[in-house]
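Okay, so here's the structure we're looking at.
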Amino acid sequence: MAVITTNGLTHTFRTKRGPVAAVRGIDLTVERGEILGFLGPNGAGKTTTLRMLTTLLPPTGGSATVAGHDLARDPAGVRRRIGYVAQSGGVDPTVSVREELVTQGRLYRMGKAEAAARAGELARDLGLAELLDRPCAALSGGQRRRLDIALGLVHRPEILFLDEPTTGLDPGSRADLWQSIRRLRAEHGMTVFLTTHYLDEAEALSDRLVIVDQGLVAAEGTAERLKAEHGGAPDATLQDAFIAITGRGTTPRNPAPLAV
Amino acid sequence: MPHLVADTALIFGRYARQTLRSKPALIFGMVQPLLFLVFFGPLLTDLPLGGRASSWQTIVPGILVQLGLFSASFTGIGLILERRTGVVERMRVTPVSRLALLMGRVLKDVVQLLWQSLVLVGVAVALGLRAPVLGVAIGFVFVGALTISLASLSYALAMRVSSPQGFAPVINSITMPAILLSGILLPMSLGPRWLDIASHFVPFRYLVDGVRAAFAGEYGDGKIALAALVATALGVVAVTLGARLFRQAGA
Ligand SMILES: Nc1ncnc2c1ncn2[C@@H]1O[C@H](COP(=O)(O)OP(=O)(O)OP(=O)(O)O)[C@@H](O)[C@H]1O
Ligand SMILES: [Mg+2]
């Protein structure tokens, strides 16, 4: 059963220097309990798509149903069922780890005791137990990333959106996080929609990949299928396929000039 | 909206704690009005400012309204900085009431302002202010209402601009003329007729007049009623507009 369906989902930013067509019509379906890897070069429109699916950004075209609720008509219904970990996180540096976790639970309408218990549980699961009383400013990059992820899990969402969750994590933490994501799916049937620039991670973690480029879906399928169809050689890697599909590596085709 | 009250309390608590953590900001917010009180107030003690009220009963209300006007209109700066940390988006993905995200912050501003007003009036009493308790309380209600209106608009604007540099000029260009034309420093009735007339188009003027009447214990001459009317109208318009802009802001 599909938990996410989008239909020509579009967002064009209006800027002073004219419109920016960030997402130009995305059609996709995500099945319940699936781990979907959402890949694409910098600026392809991944974050913009996630911000639309999480109700932060109203689409300028198209429609979507997320966790059984229409994005435009019932954003509140969507919000109750999803968790979102933004690419650049979202914690107040002056607030303690515990306060952030408890507040997040309360924002999801948990009682005080329940929110406090859940904060302790998540801190244990994500290796933050010793850091609970530190201000967020005093966390390392990887510790902060784990806190961001804990915040997205507080209410045990049906769908978890992760925007580059492992950027900045050491290899050990990265492996731990993969483990946690697989466990969440196994134990709670959670659907995970994640973006990443690490192709090994995408391959190891995802059931299926969607590759976007310039705001459109360029290819989709299992890693095996993408390699076979786009890799060009029997022993092709996912990277070969990615480059063949997008016409470049993970850097943009027209990088900004270094000096103006 | 069954959750509005609980959500507002939650957001209020978060920002009240944040304010209490930044003690320097709390103290420096008080310095400017205290300086006015101590160095400007005594200049006027023997000047006839109209009416039977003492000069302190004229000056202190002006300083209170000015404090409310400035701190409420600039309060959005903090939200602009907070948006950069991603906290605002993180909260907007949760089911928390959008109105509570605004009103929790606004309430924090009101409480902070009432606390500062209390300190100011305390200092003013030490310097020579004598005013009826009821009048002072009525004055505080007006200053609180002004804060609700302006803080709502300030936060709404802060959701729409991306930098303090884009925010401050807008606010300055509104607050400066508003302060000069509302008779905050000296009653407009002292000035030439054209200036007095011009000031009647600035809603804050009625609030200043109302707070002055309250401090003077003149409850019956219509100034307080007029101020209540203006404060209510301003509040309804500002909160409705602010809440709508705040809810819509997404991009
Ligand atoms: N607020 C905005 N205003 C204007 N343009 C924007 C805005 N946000 C994103 N864009 C533009 O939209 C396009 C897509 O951006 P988006 O952040 O979705 O890319 P992405 O796929 O997440 O890239 P990355 O891998 O670098 O995170 C880019 O060209 C970007 O510059
Ligand atoms: Mg991105």
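The backbone N, Cα and C atoms fix where each Cβ goes, glycine too.
What you are looking at is a predicted structure, and each value in this text was computed from that prediction instead of being measured.
Look at TrEMBL and you will find B:24-249 tagged as domain 'ABC transmembrane type-2'.
Annotation comment: TrEMBL describes B:25-44 (among others) as transmembrane segment. With a cut-off of 8 Å between Cβ atoms, the residues of this chain six or more beyond the transmembrane segment (B:25-44) that come close are 19, 55-56, 58-60, 63-64, 66-67, 70-71, 112, 116, 119-120, 123-124, 127, 185-186.
Per TrEMBL, transmembrane segment is recorded for B:56-81 (among others).
For B:113-131 (among others), the entry in TrEMBL reads transmembrane segment.
Annotation source TrEMBL lists transmembrane segment at B:137-158 (among others).
The transmembrane segment feature in TrEMBL is assigned to B:170-190 (among others).
Residues or ranges marked as transmembrane segment by TrEMBL: B:224-246 (among others).
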Which bits of the chain, at least 6 residues beyond where the transmembrane segment (B:113-131) starts or stops, bring a Cβ under 8 A of a Cβ in it?
29-30, 33-34, 37-38, 41-42, 45, 54, 56-57, 60, 63-64, 67-68, 71-72, 140, 143-144, 147, 215-217
Where else in the chain does the transmembrane segment (B:224-246) make close Cβ contacts, counting only residues six or more beyond its ends and a cut-off under 8 Å?
98-99, 101-102, 138, 142, 145-146, 148-150, 152-153, 155-157, 159-160, 203, 206-207, 209-211, 213-214, 218
So which residues does the transmembrane segment (B:56-81) touch in its own chain, when a touch means Cβ under 8 Å and the partner is 6 or more beyond its ends?
29, 32-33, 36-37, 40-41, 44-45, 49-50, 88, 105, 109, 112-113, 116-117, 120-121, 124, 127-131, 139, 142-144, 146-147, 149-151, 153-159, 161-164, 167-168, 171, 174-175, 178-179, 182-187, 204, 207-208, 211-212, 214-216
